[in-house]
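Q: Input: one structure, supplied below.
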């Protein structure tokens, strides 16, 4: 042994032809072993805290069982006599208990079930591969060389694949943009999703009592909800709503509205239709912040059937657990980070601010601060609370603890707004690649379909056969305003994909490797 505590193998300078190798004892475990040990320590802590009540009550139950087993008939007779002398107290306690249970049963929110949902699959002739997209952009003559090069770079780094769709009007040169073309796009998407939904659920459209439609940028008169009422001849007393201008998070808002209506109106169905219209909202200018939506947004839409009928529980896929909504419209930067406006030449488009990701991160932080106590196990809540206390005591020098949401949810449907959005949430929430797989593959296959993207992602999870009874799903959506909205669902059974799923013809090809 040498003075440093190491050992030598072989000779010194090689006088005998050997090579000297000095081996020093390791002073710490390899990084991967440390991470494994930390993982198991945290897992053990989680199970301990989660089952703490059981561990505390178990000895008490054992003691009571032992005492009960030692009672003889005389002891039971004495107990009965004691109860007879306190009959009034027993009756009063029983009455209070029955009254309390009755109030609880009568006032608790009735469950709202998701019977089924459907996502629109456009026809193949609407596909827009990179080459066709760039060629049509060049042939329109509206974009200068710098704008064309910018769009090319955005497309290459966007995470979109070669099989996304743009509306019929955009396949012509020049594009045939008109109110009629925009209506045609809306009808194809909404009616396509609804036809499939009604076929899969065998629900008569006249049984629908509530209809909520959301589309941000296309709001004709009569409204989109009125178009659906007219198409399917829905009943005259239907409660219909048309949400506009609320961005990509409007799908969760629409679900929340439908849920609240179902809590008020008994024994009925609600349909939520989420879509976006591209035909009249393509930007034909050269302002780069307004060109990004051209590269990301694609045709898509979804239709969701909700029910408050107890008999529908058996055939329903999910039960809604929580909806948490966060709105930062009071902040000027947040309000203008996604903003429809005209450029210097008078051309209308949607501008995305360079502060968008930072604002999205802050809005998400506010949203999960509200959501955390509702969904996280007590073990994570204790760690989070302790980190806040330590941070307060040490004047912010300690980083706040990031709760492990993987302990609360098995599946994540992150709005496929773009690669940067998914990357940021994967990093900040410390998710694994499998947790963001549905979001990345939806972005690759269908692009950013706005508020309906979270339903394409849920359809992907179902098509992969990953949804098991009791699994919880977190749908996260961001939208203009600026908003971050979360919807939590619990699977009521092992969920299989519905007929005519948008992934039906290609799920075996996914996941695909992505290169940016």
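Backbone N, Cα and C atoms are what each Cβ position is placed from, and that goes for glycine too.
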Q: Which one of these stretches, 67-86, 87-106, 107-126, shows up in TrEMBL as transmembrane segment?
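A: Feature transmembrane segment in TrEMBL: residues 87-106.
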Q: With the ranges 23-44, 45-66, 133-154 to choose from, which does TrEMBL describe as transmembrane segment?
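A: Range annotated as transmembrane segment by TrEMBL: 45-66.
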Q: Which whole-number mean pLDDT does the model give the domain 'FAE' (104-393)?
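A: Mean pLDDT, the domain 'FAE' (104-393): 94.
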Q: Near residue 248 (active site), which residues of its own chain have a C-beta under 8 A away, given they sit six or more steps off in sequence?
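A: Once residues fewer than 6 apart are set aside, residue 248 (active site) is near 216, 276, 415, 417, 448, 450, 451, 453, 477, 478, 479, 480.
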Q: Taking just the CA atoms, what is the gap between residue 444 (active site) and residue 411 (active site) in Å?
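A: Residue 444 (active site) to residue 411 (active site), Cα-Cα distance: 19 Å.
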Q: Using Cβ-Cβ distances, find the residues under 8 Å from residue 411 (active site) that belong to the same chain and are at least 6 apart in sequence, listing them in sequence order.
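A: Listed in sequence order, they are 435, 438, 458, 461, 466, 467, 471, 472, 473, 474.
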Q: Provide the number of Cβ atoms within 10 Å of the Cβ of residue 448 (active site), excluding the reference atom itself.
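A: Within a 10 Å radius of the Cβ of residue 448 (active site) lie 25 other Cβ atoms.
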